[in-house]
Amino acid sequence: MKALDQLTFDNRFARLGDAFSTQVLPEPIADPRLVIASKSAMALLDLDPAQADTPVFAELFSGHKLWEGADPRAMVYSGHQFGSYNPRLGDGRGLLLAEVVNDAGEHWDLHLKGAGQTPYSRMGDGRAVLRSSIREFLASEALHALGIATSRALCVIGSSTPVWRETRESAAMLTRLAQSHVRFGHFEYFYYTKQPEQQRVLIDHVLEQHYPECREAEQPYLAMFRTIVERNAELIAHWQAYGFCHGVMNTDNMSILGITFDFGPYAFLDDFDANFICNHSDDRGRYSYANQVPIAHWNLSALAQALTTVIEVEPLKEALGLFLPLYQAHYLDLMRRRLGLTTAEDDDMALVERLLQRMQSGGVDYNLFFRRLGDQPVAEALKGVRDDFIDLAGFDAWGADYLARCEREAGNGDGRRERMHAVNPLYVLRNYLAQKAIEAAEAGDYSEVRRLHQVLSTPFEEQAGMQAYAERPPAWGKHLEISCSS
């Protein structure tokens with residue numbers, strides 16, 4: 001394992017030139033102190049976890065010091081926000097500090113969020129608050145532990161620097177890791193500003209660095225777009241299967257890698273509600289849980305439009321047409337696993353849909369239901385969850401069909417509990433848990449955010465003394481809507 005001064009850098013995106021980013025030095029925050037660090041994220045850089053406890057760690061990730069090989073850059077991009085095109089966005093408070101090459105030859109972006117003003121700050125102060133930084137850290141690491149593709153969070157550094165949002169808060173910096181920070185909005189920027197040469201440079205960069213398997217295809221650009229469609233179909237299937245709501249699916253928040261990116265007012269479902277809106281600013285429900293599938297397709301079509309400079313329209317349409325069937329296949333596979341099914345039958349989607357209808361009408365806790373369904377043999381498990389439902393006759397009818405479905409599988413009961421517990425988390429990141437950790441951290445106590453992170457790092461395994469993190473939320477904690485303010 002390495003010390004901080006032993007990292008190797010290869011800043012490929014910075015070398016693309018000033019048309020793609022602007023060199024900006026981070027503005028340090030006062031009195032930097034470590035709030036939390038992820039040992040598993042540090043391992044991606046081959047960093048010794050003990051480095052997090054050194055003074056230089058907080059200094060490097062708060063803007064006070066800079067590596068000799070770093071080349072901090074604010075990236076330029078545009079994007080569709082709530083369906084309307086915004087011609088010039090860019091990193092308004094984040095900097096791509098450097099690209100680290102680990103011993104396996106993997107490149108990881110070090111991105112500092114809350115690093116101060118940039119040419120793209122759009123009248124903002126360039127800061128991130130402790131509250132939103134903790135939320136992104138927890139979500140990144142929780143989704144990773146669930147097996148959902150996501151950017152990673154290395155650390156959060158707190159400070160005494162004041163910032164004003166709805167009230168006075170303290171500034172913080174989050175260091176995010178991803179193998180690329182290129183967004184759909186990067187391609188839109190060069191398309192709508194009519195810069196075809198720069199557009200092609202960017203496309204070639206992404207193809208070469210992130211989709212090398214597509215280079216030998218008959219149409220490499222089309223093969224790359226098709227793979228992006230495939231990755232997003234799988235990603236959104238995981239979101240829907242595990243009840244994750246992103247909240248701000250603007251095209252500038254969509255990663256070209258098909259990973260969860262730019263966490264804001266996100267939430268996991270508590271009681272199942274297909275129409276749940278987690279973003280307080282989304283008064284029309286554009287980014288509701290139910291709309292995430294069509295919005296992902298819409299965003300991919302926006303990316304496709306930006307790629308019409310290098311790919312014919314009809315092949316792009318054909319590739320876009322793959323999204324929904326691929327999504328449905330991935331989603332159904334995940335839901336079969338969550339139900340403990342090991343084979344496929346034609347009526348399985350109808351079985352899932354009928355269950356969700358019963359859950360919606362009864363206000364049943366989404367993730368907890370699946371966990372409890374795997375606690376016992378099928379017949380006993382159905383009795384155990386029955387009282388959660390209001391329409392008992394409707395649930396009994398569904399339960400009879402589910403029991404019959406399980407009985408048609410040879411050996412379904414063998415290892416059922418272990419099989420279902422391996423895919424149905426006991427612990428999920430509920431907003432009220434995050435809020436309690438944030439309030440403690442704002443008072444200077446970081447123990448709760450660290451404890452919550454530890455619990456969420458192994459969400460499928462029961463942990464001694466952590467029952468409180470596996471319970472239904474209190475009435476005040478259900479379906480919290482979160483502001484975009486960060």
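Glycine is no exception: its Cβ is also placed from the backbone N, Cα and C atoms.
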| request: Return the residue out of D10, D18, D262 that Swiss-Prot annotates for the same ATP site as G90, G92, R93, K113, D125, G126, R176, R183. | output: D262
| remark: The sparsest Cβ environment within 10 Å, among the recorded positions D125, D252, D262, is found at D125
| query | Within 10 Å of the Cβ of R176 (ATP binding site), how many other Cβ atoms are there? | reply | 24
| message | Can you tell me the CA-to-CA distance separating R176 (ATP binding site) and N253 (Mg(2+) binding site), as a whole number of Å? | response | 14
| note | Ordered by sequence, the long-range same-chain Cβ contacts of G90 (ATP binding site) under 8 Å (at least 6 apart) are A74, M75, V76, Y77, T118, P119, Y120
| query | Where N253 (Mg(2+) binding site) and R93 (ATP binding site) are concerned, what is their Cα separation in Å, rounded? | reply | 14
